[in-house]
Every structure is written in structure tokens, then in C-alpha cells.
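Worksheet: one structure, shown below.
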């Protein structure tokens, strides 16, 4: 994200209306355009292929398959992607470019292996329950394709390949739409399988294009594969923090999947349509928080953070204190700005949603659950901005505790709120977001007060090594060869 912030800084520094509009459009395009291209492709296939004419069981099988692909690919990819991102950034800073290719190879193998360990047992169960094996194999490949897509997006983001990534998504989703028509009208596949197979091909194509683009930059290979595994061990808290945060985003859905009024498809897939749809709408209502964070918050904070780090390296004490004060002033002001802007946008989108959505078929239980979940996602995305600031200060312990609080309270709160009136179904998730938001806020305040200890009193003067304990004496004059005792 810092790379986008730097580019936006250059755009906004021109201080014209045109560049301001361009900057907002730039941040919007390169943050949520990939997701919008996928949603647009799905909607186009729904409309053109006549998805509404499909039988209920077949339609729900496809919907649940796509839902599981998205949710579980994010759950299995997010833990490792955070460490892979840090490793690649560190090696680029150290100019050890030959270590990047081993990172990509190990990261890909780790990601796909971990994802397969979860997916294969599920697919076997689905086949045993009567779902065709070719259908589940396509789901499995689509799942791996999207996992690999998320992983390779990390590498391309660090290299600031935003335009290419967006182009890959748009081109691949366009091809996906065309392939769905070919599969349906030429090969006479069913509507749902045509859509699923085309979507799988699209995900694999995006992942292949992104992977090829990254490997083009790093042609040499140091074969140093153990180093990235060493990073996994050192930064296990970073893995845990990202996994727990992502798990917290979906754990409330899992709780409602266990309710008696859930939907079970082929005794395999489980979902809760009203709650899942309300969650999607609420998340989409607040998705602009990422745009605001990148375009305004990180753009300003990154500069102050950089000034502070430069002052630490070679500045005077007075300079260090001044840059530290300015950095935390900007952090506080930009968090408030983010909350204000996002609140306005959320209210506007919410009012449009409650007016328009009932006219296009969204009503009843979905619209009852939607309002409180919108509040929950608003708080959660502000909390995530605080979490990113914790990462800036390398506070992995704070990030991990934040994720743990978010997940635990989301599960416990949702278990209670599931027994309430539908208007309060989202109360558990909202409370979890507020608790983790409060914790992150006070954690940042703690870092502000203890930043000197956090920065200057960590690490060791002598390099730590794992080897046999050396002798206690530093220099022994009587060692053989040290001095000739017969002299004189």
C-alpha cells in the first residue's frame, strides 16, 4: 500500500482540481477494481445465460461453490501472504534480488499445500454425497486458482504493478464471460457448470499472468529456500495476526451457518442466505474505507513516518522528538479524517441501498439484518486501519492480540445475537469490531508513549548464533602458539 501512497503523494502535490479527481480515481481503480470486475462478470453471466431459469438445487450448489471459493481462499492465503510480502520487501531493500524467486516458489508451494489440505477432504466428502466428481474437481481448481491469484497479487503490489494487475483482472474476466457462452452454446454444458468452469479458467489465467509478470523481474535464483522458512518461524505472530483478523471477518457467518434455519446443499455445503447476503451488502457499503486509507491517510502518514526513521538514523535528539510528535499528530488526525469521510459515504450508500434494493428483490430478512452489520463493518474497517499502523511500528504482538479479540468476541457475540430479533443478528460482529477497535486505539497510544523503548531498546549488539558455547576466556597468553615461554 505504501507504493500507492507514494504515487498518490506525487499526484496530490500538484494541488489542482484535475489532479485531485485523478488521484481519487487512481486510488479507487487500483484498490477495488479487481473485485468489481469479478462481480461484474458474475452479474453478466447471470443475466445473459439465464441463471434464474436454473432449478433451486443446482442454483444453490453453484452459489455455495463460489461463496466457499472466495471465503476459504482468503482464509488460507492471508496468513502466508503477510510474511511473503515482508520477505520480498526486505530482500529488495537489501538488494538481494536473487532471493525473490525462491520466495515465490516456496510461497506458492506453501499456499497451495495448505489450501489443498483443507479442500481435498471437503471435495471427497462432496463426491461421496452425490456431487459429480468433475464438478468438484472444477471447484477445487477454481479454489486453488483464486488462492494463487491472491498470493501473486502481493508480489505485484510490492513491485507497484497496479495497472497490469487491473488489466489482468479485466481481460481475464472478459474472457471468462466469453468462455461461459462458448461452454453453454457450443459444448452444451449446463448453465451453472459453464459459469463455474469459465470462472475457474479466469482465476487460473489471472494467477498465471501475475506470476509470469513477477518472474520476469527476477531471473536469477539463489536456491536459498530455507531463508523464507526461517521467516515463517520468526514472524509467526504476523501469520497469526493476519489469519485471526481474516477469520474474524467470517467467523460470524460460520456461527449463523450452524443455526437451525441454515441451508444445507447436498449434505455438504452449508450457508445462511439472508445473513450471508446482508454481510456482503454491508461489507460493500464500507469498501471505500480502503480507498480513503490509501488516498489520504497512508499518503500523509508515510511521509511523516519516513522523516522519523531518517531522523533516528542520523538526526539530533531534538529532530527525533519533533518528527516523532508530528508523526503521531498526523496519525491521529488522519484516523479521525478517515472515520469522518467513511461515515459520510456509508450513510449515503446505506440510504441509497434501503431505497433501491427492495425494488430489485432484496427485502425481508436481508434488509432487517443489513443495517447493524453495516455499522459493524464500518467499525471493523476503521479498526483495520489501526491494525496497519501497528504493523508500521512492528508491533506484531499487538496485532495478534487485536485479531484474537476480534475473532473470539465475534464468535461469542454472534452465538448470543443469533437468539435475538433479526434486527440484532449483527450485534455480535459489531461489538467485536468495537472491542478490537478500542484495543488497537489504546495500543497505538501506548506505542506513542513508549516509542523510544520500542525503537531503541530492541535487538542485540552481538549477533545471535546457534552453535557450541565458546571458551570463557577471551585471550589466553599461555595457549600453545600464542607466546614462546622459552624466549629470553
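Count begins at 1; order follows the chain as displayed.
Heads up, the Cβ atoms here are built off N, Cα and C, so glycines get one too.
TrEMBL lists 21-46 (among others) with the feature transmembrane segment.
Here TrEMBL flags 66-84 (among others) as transmembrane segment.
Tertiary neighbourhood of the transmembrane segment (104-127): same-chain residues 72-73, 76-77, 80-81, 84, 133, 136-137, 139-140, 143-144, 147-148, 151, 155, 211, 214-215, 218, 225, 228-229, 232, 266, 268-269, selected by CB-CB distance under 8 Å and a gap of 6+ residues from either end. According to TrEMBL, the feature transmembrane segment maps to 104-127 (among others).
The feature transmembrane segment is assigned by TrEMBL to 133-155 (among others). Within its own chain, the transmembrane segment (133-155) is flanked in space by residues 34, 61, 65, 68-70, 72-74, 76-78, 80-81, 84-85, 88, 104, 107-108, 111-112, 115-116, 119-120, 123, 126-127, 165, 193, 196-197, 199-200, 203-204, 206-207, 210-211, 214, which lie at least six positions past its ends and keep a Cβ under 8 Å from the stretch.
Same-chain residues lying 6 or more positions outside the transmembrane segment (167-187) and placing a CB less than 8 Å from one of its CB atoms are 33-34, 37-38, 40-41, 44-45, 48-49, 193-195, 197-199, 201-203, 205-206, 209-210, 213. The transmembrane segment annotation in TrEMBL covers 167-187 (among others).
Under the heading transmembrane segment, TrEMBL lists 193-215 (among others).
Under the heading transmembrane segment, TrEMBL lists 235-257 (among others). Residues 71, 74-75, 78-83, 86, 270-272, 275-276, 279, 380, 384, 387, 391, 396-397, 399-400, 402-404, 406-407, 410-411, 413-415, 418, 425-426, 428-429, 432, 436 of the same chain, all 6+ positions outside the transmembrane segment (235-257), place their C-beta atoms under 8 angstroms from a C-beta of that stretch.
The feature transmembrane segment is assigned by TrEMBL to 277-297 (among others).
Annotated transmembrane segment per TrEMBL: 335-357 (among others), in sequence order.
Here TrEMBL flags 369-393 (among others) as transmembrane segment.
If you look up TrEMBL, you'll see 400-417 (among others) marked as transmembrane segment. Note on the transmembrane segment (400-417): residues 237, 240-245, 247-248, 251-252, 254-256, 380, 383, 386-387, 390, 424-433, 435-436, 439-440, 443 of its chain, located 6 or more positions outside it, place their CB under 8 angstroms from a CB of the stretch.
Using a Cβ-Cβ cut-off under 8 Å and counting only residues 6 or more beyond its ends in the same chain, the transmembrane segment (423-442) has close neighbours at 248, 252, 255-256, 275, 278, 282, 368-369, 371-373, 375-377, 379-380, 382-383, 386-387, 390, 398, 401-403, 405-417. Summarising the annotation, TrEMBL assigns transmembrane segment to 423-442 (among others).
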